[in-house]
Amino acid sequence: MNFDTFHNIIAGQHRSARETSSGVNPLDRSSLWPAPVATANDVEEAVRSAQEAFPAWSQKTYKQRTELLEKFADLYLAHANEFCQLIATECGRTAGNAAIEVYFAAQWLRYPSKYEISQEITEDDKKTSIVTQEPLGVVAAICPWNFPLMLALGKIAPALATGNCVILKPSPFTPYSSLKLVELAQQVFPPSVLQVLHGHDDLGPMLVKHSRIQKITFTGSTATGKQILRDAAETMKRVTLETAGNNASIILPDVNIKAVIPQLAGGLWFNAGQVCIATRRMYIHQDIFEEVVAQLAEASKDLTSSIEPIQNEMQLVRLKQALADANAAGYELLSLGKTEAAEGFFIRPTIIKNPPPDAHAVQQENFGPIVSCIKFSSLDEAIFLANNSDTGLAASVWSGDISAAKRVAAKLEAGNVYINGPPQPDPYVPFGGQKQSGLGVEYGLPGLLSFCQTKSTYVYK
């Protein structure tokens, strides 16, 4: 299999198209390979093929399906070097950071095999009740550009394990790794069980509105998530949404500053801040505020001296506008790292120092290497400020007292709270957002069950 020509995969076959589009290398803005743009006819054929494959696939046992996922994991890792090169190119990453995603993502192919989905039986004098979990049918997985492999596999694996057929739609900014992933999968799975369609912005709505697709699983912006909810309501589709998180960290005064600063800095700037659970708002106790900000800036110098680019120009423009607005408002900006490279989608990592808590720069999610550092004087104030957002994907608490940190964590309105460590997903732990950061959960047993529908059978004696 070569890694420099790209096709949609429908019914187990390569599909080209009259129209193609090309991604852009974020490092130098050069055009990448042409990829076929799916049409409405392609969508219809993919859905029809998935429906035809569904009966046989869903009738396999859970163990049979997870064994195939394990086999695919081995095959995928055998091509890890090629996927690392693809991720590095389409995302603008260093080879090392591309490898982090490629190898980390393999966990999602293996995690379903650690679970069993069994029926529940209850009995009384009159009847036996049998509760089973059945697959939904055809699932469309709509994925973003920041971690194209990991987030795709996090949707594909549980959907396939539970007996569904999947149509993957990658971001038009980063189609290449997904197209090759599904092409490779044809060596393991029956035709039409896993397909992939690359296209323009009209492709997602075609899938969401399709009457024969039973579920949408989506990661992306809150605005798009809301539109998916509206469109999916017409056919009452199941939806799982993971959307924006303007995530807060609380740094308590008893923290070991020297010990936590490297973790704070690493969490802020990894992947140029293009991480859905990265901190955007950092609330620091007033007694240690200046020291933490100074040490954070110092520790960030090495990390940001060769920071990677923003993945696409659209996001770069948004971030530059956010910094221009913050500067115009008179906020103190600490620009870190080297001067921005003119040829790529680069922006200097920036700390916005103590802006007003209600400032636009604080209340909006800046999806990139920008963090607002804000003073607080009391624990109640910190909790209020952290919760004063319409999003709630992730939060973190940093303290020398674990019991105190747990009490704070219990009061935070976020789906994922991390204590004394940077945010990182785990395939065995449910992951989802509160408020406008999502709907439903992924990963763990609840994530598997989100791709099922419950059937209760009553057998009277």
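Note that Cβ sites are derived from N, Cα and C of the backbone, with glycine treated the same way.
Here Swiss-Prot flags Glu242, Cys276 as active site, drawing on sequence analysis. The NAD(+) binding site feature in Swiss-Prot is assigned to Gly220, Ser221, Thr222, Ala223, Thr224, Gly225; the stated evidence is similarity to another entry.
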Sequence-distant neighbours of Gly220 (NAD(+) binding site) in its chain (C-beta under 8 A, six or more apart): Ile142, Pro144, Glu242, Thr243
Glu242 (active site) CB neighbourhood, other CB atoms within 10 A: 27
Winner by Cβ contact number (other Cβ atoms within 10 Å) across the recorded positions Ala223, Cys276: Cys276
Neighbourhood of Thr222 (NAD(+) binding site), C-beta criterion under 8 angstroms, separation at least six: Thr243, Ala244, Thr391, Gln436, Ser437
Most Cβ neighbours inside 10 Å, all chains, among the binding-site residues Ser221, Thr224: Thr224
DSSP state at Cys276 (active site), helix/strand/coil: coil
Among Ser221, Ala223, Thr224, Gly225, which are recorded as binding-site residues, the nearest neighbour of Cys276 (active site) by Cα: Ser221
Residues satisfying Cβ distance under 8 Å from Gly225 (NAD(+) binding site), sequence separation of at least 6: Phe218, Leu241, Thr243, Gly438, Leu439
Local backbone state of Glu242 (active site), from DSSP in three classes: strand
